[in-house]
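Enquirer: Let me give you the structure first, and then I'll get to my questions.
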Protein chains: 2
Amino acid sequence: MATGRTLIRELASHLDGTVTVHGWIDTLRLQRRMQFVLVRDHTGLVQLAHRRGGEGDPIEAVLDTVTVESAVRITGKVLANPQVRLGGLEIVPERVEVLAAAESGLPIDERAGLDQRLDWRFLDLRRPSRRLVFEVQSTVERAMRAVAAEGGFTELHTPKLMGAASESGAEVFPVEYFGRTAYLAQSPQFYKQMAIAGGIDRVFEIGPVFRAEPSFTSRHATEFTGVDVEMAWVDGVEEVMEFEERMLRRVLAEVHAEHGERIAELLGAEVVVPKAPFPRITLADAMARLRAGGWDPEGTAVDLDPAGERALAALAAEESGHEFVFVTEYPAGVRPFYHHRPPGRPEVTASFDLLWKGVEITTGAQREHRYEVLCAQAREKGMELGPLARYLDCFRYGTPPHGGFGLGLARLLMLLLGLPSIREATFLFRGPHRLEP
Amino acid sequence: MATGRTLIRELASHLDGTVTVHGWIDTLRLQRRMQFVLVRDHTGLVQLAHRRGGEGDPIEAVLDTVTVESAVRITGKVLANPQVRLGGLEIVPERVEVLAAAESGLPIDERAGLDQRLDWRFLDLRRPSRRLVFEVQSTVERAMRAVAAEGGFTELHTPKLMGAASESGAEVFPVEYFGRTAYLAQSPQFYKQMAIAGGIDRVFEIGPVFRAEPSFTSRHATEFTGVDVEMAWVDGVEEVMEFEERMLRRVLAEVHAEHGERIAELLGAEVVVPKAPFPRITLADAMARLRAGGWDPEGTAVDLDPAGERALAALAAEESGHEFVFVTEYPAGVRPFYHHRPPGRPEVTASFDLLWKGVEITTGAQREHRYEVLCAQAREKGMELGPLARYLDCFRYGTPPHGGFGLGLARLLMLLLGLPSIREATFLFRGPHRLEP
């Protein structure tokens, strides 16, 4: 930390002392006799109170010309002043330095629309409520990693450049790669399974994933941070779900403890620490119950649509008071060939989605680990085995039973903080029409 | 963890008990009366000892046909046997299940070359010495994050897709992006500075970076995991160097404590926890001293080449017994325009490289934070300001003094573990000729 720097939230312990504060000019209230200035750092706001000294007063001159959002360093005395709302104290400055002046007339203000705010994201982030999102994100990841470390996970970094498009190729970004084409990984799925095949017992990764989907909803991005988990030697998919439950409970408990009050104050959202177990319902049961309530009147749906997800969440909330619900046993027809199917039930997969507040945040499953079964399931879906050879090779030399899940970090943050869009939960959002800044 | 699973390293606490072990067939020694089998999990090896029961003995039949590297589940009794080297115990199996059979004849063995091993990386990773690299990597990152959290850093995920090539464009991968061209980020440099401009006090990121360099050395990859740090309100570059020192000392102390013995045993490398401060030398002094020793006889070098780096490391080791050395004050001519220059010394930058064991592992600097100075320095380098507008905009509204550094995780691991190449320190290496598996 810079020599002698005092954070604004620590000022109370320096009453009557001299401190140096670094921050931005938040508000200027220049009066005839007094100059009042609010200075902001990442920990809070403090008022400077300077009595004008007239001609030759260097502080007066600086405060008369400094612009809002300039970066400043202030040295001064911390005095108690019960009339000041900001902690009942103020600083009487002895030295004011402008380290970097802001141009006057900021390009965005509190009335700016989302797109304009994203164009000037760094200015947007100077608002404490926006920055809070990323303080919470740090806590979320710290809690996830703590649970992973306790569970014996190895954190891996899987490649984002792939030699072949993983699935259909339709939603994959091509990259020019020394005269050939590479593709950006849509998910670490293949690689984390390869790690399991390599004897890494449990794999954890937080990293970027890329989706070339022209989607413009509040829940989609072309690049987002994925949280990926894969566990070897599982007895069944229930073990994977239990791990995710444990992880999310820890995340929400730590966010509640560290940021609950500020989230309520700045964002108006309440952080509820969920009880375990989360409710579970099979997709077939869920659809039957929703249809009884009028959903999908034609009876043609094979999966939940967003309206069905919301209706199911409402049902779960009503019956169990729970914000989460696991939907299990997706039919083999709607899940990829590599899903494991429970013994004797070839029509369903050992899979789940997790809904939170009516939005899907996770897809998970036990994977099929037996080479012959995998090949048969791929053929059943009408797939050619040739293009799958690299994937299938990983199952030729003794790969244990395993399962895992993937979760989008921004979607989790959006739901956690009650934000209207993942654009607000991403440092620099990327969508079909947005590659800047 | 799977119901009732016992890890091999925990067997000693189950003497005379019945356990279930999950792992791979490591070695088969099938004798006339006895079948001895070594089973391996990620925590160790254990011997199974089965006395043949003759026809109708299901265990005998399975062990006679099971192949090496098959994934198995064994239930049996743990007995003391002082003649067995593996912890003085063995398992007498009561049940042996083959969960996934390996094809016989593995595609690689201990004589396989590096390229062949990388083709079958998952089988390569089943060797404990290879997997140790990633256990150490987990510890390295955990230690880095602990230091960052104590220092008040926010962990961010900056975008890997950029709308414009950051620097010359020559070493950037182009991506087809909905009818336009995006580029893969060569470093989070721009974005972490944007976060600082956004009032995030200190920024930390571990994530992929992409370099379209056709380099085939043991130290280069086209995709690698970068560790990036950026700190606001620094008084100078020394503060950045001190933070890196603190981080690396913690990393090496934790790796030494957690893995020192196994690293010595499996890889033959010694982990030395360095003292602070690391030695520091200006580039000018370093070059003068090396030239006195015969380096660069033509006197034309403007920077250290790999031979100069090794010679400097030897010098530092001899004089201070230190494996690390900071080289500081690179001339303005060899560093990018955005480097800060110390007051009154426009010919040098407030920058450093960190060498470890004669190899550069870090480049760092204080950045220029004043808009006018940045523009002047860019013009001085003959750059057009137009293409830099997005970058320069971040400095128009009060960006504090700041500095940071970047570090390649695989290069650090390679040096830490005495590996011959970063290919051994990367889960799945990517180079100009390698995009698989």
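Keep in mind that glycine also has a Cβ here, set from the backbone N, Cα and C atoms.
Copying in the features that TrEMBL gives for the protein in this structure:
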BINDING   A:Glu167, A:Arg211, A:Thr363, A:Arg367  L-aspartate binding site
BINDING   A:Arg211, A:Ala212, A:Glu213, A:Glu360, A:Gly408, A:Leu409, A:Ala410, A:Arg411  ATP binding site
DOMAIN    A:134-437  domain 'Aminoacyl-transfer RNA synthetases class-II family profile'
REGION    A:189-192  region 'Aspartate'
Enquirer: How many whole Å apart are the CA atoms of A:Glu360 (ATP binding site) and A:Arg211 (L-aspartate binding site)?
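Expert: Taking the Cα atoms only, A:Glu360 (ATP binding site) lies 17 Å from A:Arg211 (L-aspartate binding site).
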Enquirer: Count the Cβ atoms, other than its own, that fall within 10 Å of the Cβ of A:Glu360 (ATP binding site), considering every protein chain shown.
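Expert: Cβ-Cβ neighbours of A:Glu360 (ATP binding site) within 10 Å number 16.
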Enquirer: What whole-number Å value do you get for the CA-CA distance of A:Leu409 (ATP binding site) and A:Arg367 (L-aspartate binding site)?
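Expert: Distance (Cα to Cα, whole Å): 23 Å.
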Enquirer: Could you tell me the C-alpha distance between A:Arg411 (ATP binding site) and A:Thr363 (L-aspartate binding site) in angstrom, no decimals?
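Expert: Between the alpha carbons of A:Arg411 (ATP binding site) and A:Thr363 (L-aspartate binding site) there are 13 Å.
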Enquirer: Output the one of A:Arg211, A:Arg411 that, of all these binding-site residues, has the highest number of other Cβ atoms within 10 Å of its Cβ.
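Expert: Compared across A:Arg211, A:Arg411, the most Cβ atoms within 10 Å surround A:Arg411.
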Enquirer: Which residues, sitting 6 or more apart from A:Ala410 (ATP binding site) on the same chain, put a CB under 8 Å from its CB?
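Expert: Spatial neighbours, sequence-distant, of A:Ala410 (ATP binding site): A:Ala221, A:Phe224, A:Thr225, A:Ile422, A:Ala425, A:Thr426.
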Enquirer: Which whole-number mean pLDDT does the model give the domain 'Aminoacyl-transfer RNA synthetases class-II family profile' (A:134-437)?
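Expert: That region's mean pLDDT is 95.
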Enquirer: I want to verify one value. Collapsing DSSP to three states, which class is A:Glu360 (ATP binding site)?
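Expert: The three-state answer is strand.
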Enquirer: Among A:Glu213, A:Thr363, A:Arg367, A:Gly408, A:Leu409, all listed as binding-site residues, which has the most CB atoms within 10 Å of its CB?
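Expert: Output for this query is A:Arg367.
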Enquirer: Just to be sure I understand, if DSSP states are collapsed into helix, strand and coil, how many residues of the region 'Aspartate' (A:189-192) fall in each?
Expert: 4 helix, 0 strand, 0 coil
